[in-house]
Structure formats: C-alpha cells, structure tokens
Amino acid sequence: MPVLTADSSLFLKFFISGNPGLTLLFCCDFSFVKDKDEITMALLSLGINQEYFITSGENDNTKKQQLWSCPIFGCDFRSVKLNNFKIHLLKHFDYRPFKCKLKKDNTNCKWAFFSRKQLQRHIDDVHKERKYTCDQCMKRFSSKSSLTGHLARHDKTVLYQCLVENCGGLFNTMALYNSHLKQHIELPAPFKCEHPGCDRRFYRVSSLQSHRRAHVNDPEDLICKVCHKQFRAPCRLKEHYSSVHDNIRKFKCTYEGCKWTFSANSKLTRHIQNTHLNIRKFECLVPDCGKTYLRSEHLQEHVRTHSENKPKFTCPYQDCLISFNCKSSLYAHLKHFHPSDKSTELLD
C-alpha cells in the first residue's frame, strides 16, 4: 500500500481557510484536524496528512464557494462536501477501513467498505433476513426502502444503445452513454494501473478501482484445486466449489410443480424471471426491429447481427465447422450436437 506525504508528487500543498466546524492545529508547515474521525484516521494511516485541496467556485447564485479538488493527476473530481472528498481519496488507493465483522454460513465475512453508510447497507442486504419480495421479478430484499429503489429500476427505459460495431451497450442516461463512447475514441484512457507489469488503462476511476482488486489476491489462491479453473474474485471461486464440485443447491424454486434448485440466490432469481415470468426487458432499439430478450448479453449479441461485418462463431470440432452469428447459438449447438463435458470449454 503506498505511503504518501504532503510533499508527494501526487499532491499539492495548500492551506484551509474559512471552513466552519474544523479546529486546526498548526505544527511546522502542516495543519491537522483535531477531531480525527474514522475516515480521517484511515487517510493518516496512508500517510496522507490532513492537508486538503481547496479551490473556489461559483454556485447557481453566482456566489463563491469552497470546492475540495482531487489532487490526483488526471482526476477532475470536486466536491463541496468534505466527507465526500475524503471518501473519494480513499477510493484512489482502494483502502476500505470499515470492515464487516459478521458471519455468513459459519464463515467470517471479508467485505470492507469506504464508509460506514456502505457497511450498514451491506449488513442490511446480506446479513439480515430478506422478507420483502419484488412482485415483478421475485428478487428479495431486507428492507422496504431497498425494495422501493429496486421497483424504480423496473420503470426505467433503455434510452441509448451503442451502435458501434461489435458493441451493443445499453444505457439509461445520456451521461452514461457519453462516458461509454469514450472507450471507442483512440485517445488513451487517463487512469493507468500502477501495479508492476500491468499496463491496463481506464476511462473512469471506479473502473480502475475494480481492476485493482484483481491484484490484491494471489492468483494462485483464485485457482480451483479440483479443475484448475481460474477466477477473478474469492467469492466466485467459493460459489464455483459449492455449485460445481460440492453440488450444494440450497435455493429452491417455490413455484408449484417446479423442482429446480440453485447454488446461488441470483441464479434462482434469473430462473424465475426467465422461466416463470418471461420478463423480456431488453429491447433492440434499431429501427424496424424491436426484438426483446431476457438477458442483456443476448441483446448485445443480437445487435451485432445488424452490423455489416457480422462476427462468425465457428464450431471448434474439425468434422463440423458450422458458423453462427451469435455465441449463444454456437453454445446451444455444442450442447445439442456435441454433448460432452469439455465441448463448451472450447469456447473459452
């Protein structure tokens, strides 16, 4: 974990002025906040002394206000709220001081978060009983507010669809759509992974933060010891053991006459949506098409068929070599005509 000081090349020195509610202690060239909350202490443990970065801006009433500006090169984050600024700094280093101390399935929970609010949301969603059920997709929630927020998502309409060749991304807002389009520009992404030997770059800080977690774990610890398949996160490896090798399926479909069981609640939810409710919420926005699909990846494959240069997915068996426009069609072909345990592994 990097240790930074006020003289680090990543930071610019500044002074605090006119910020109500903060008591400052001055020592040499540094100023410190007297009331060290948990997030402040976390920043200090990184070597980031309590020297904030403040600029002036204008609000809607054209009055000057203080803005906390991120000093990381290439990041233009600014906030009028000091707490949001401190949490943002923690995200740059993927440092999560709020650790969950509860257990799930007799195993210590390893999740950690940037703020206490995020930790509490995790406890509500994961460790509390889920007694509120969505009547549209049967997904369950631990609080009524979570269910209300989820129901609002059902009302959202996909307004923007990326028609760049071999893409097909779907977005609810223009902001997300514009952010996505940057990936198709030849300019290099501004946020580069600093891990030795890694040259990945990203257009968003959040994407870089997600990528950093892949470097935290030893790659050897993310390989299944039975089949040697590799995973990106410990939770995926654990789910793999339960569903594939231990065959633990504790989530049962409650629909009358249905005997399907699943290793994860997410798989049960998808089964109910696809099989019993037939929710086809992903619609192709290409003019004169209007096809709908159960899953977003199926829609993305379909959108590629509208491209002039249609991708070809060819059966890997030498005596077959049939080609398909969609990977899902090739997968169905392998399952039906080449039903061996290793046939679908050839797609990886």
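Numbering starts at 1 and runs along the chain as it is shown here.
Each residue, glycine too, has its Cβ placed from N, Cα and C.
Taken straight from TrEMBL:
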| type | residues | note |
| --- | --- | --- |
| DOMAIN | 98-132 | domain 'C2H2-type' |
| DOMAIN | 132-154 | domain 'C2H2-type' |
| DOMAIN | 191-220 | domain 'C2H2-type' |
| DOMAIN | 222-250 | domain 'C2H2-type' |
| DOMAIN | 251-281 | domain 'C2H2-type' |
| DOMAIN | 282-311 | domain 'C2H2-type' |
| DOMAIN | 313-343 | domain 'C2H2-type' |
By a Cβ-Cβ criterion of under 8 Å, what residues six or more beyond either terminus of the domain 'C2H2-type' (251-281) are in contact with it?
136-140, 154, 239, 242-243, 292-295
Need one number: mean pLDDT over the domain 'C2H2-type' (282-311).
72
Under the DSSP assignment, what numbers of helix, strand and coil residues are found in the domain 'C2H2-type' (98-132)?
12 helix, 9 strand, 14 coil
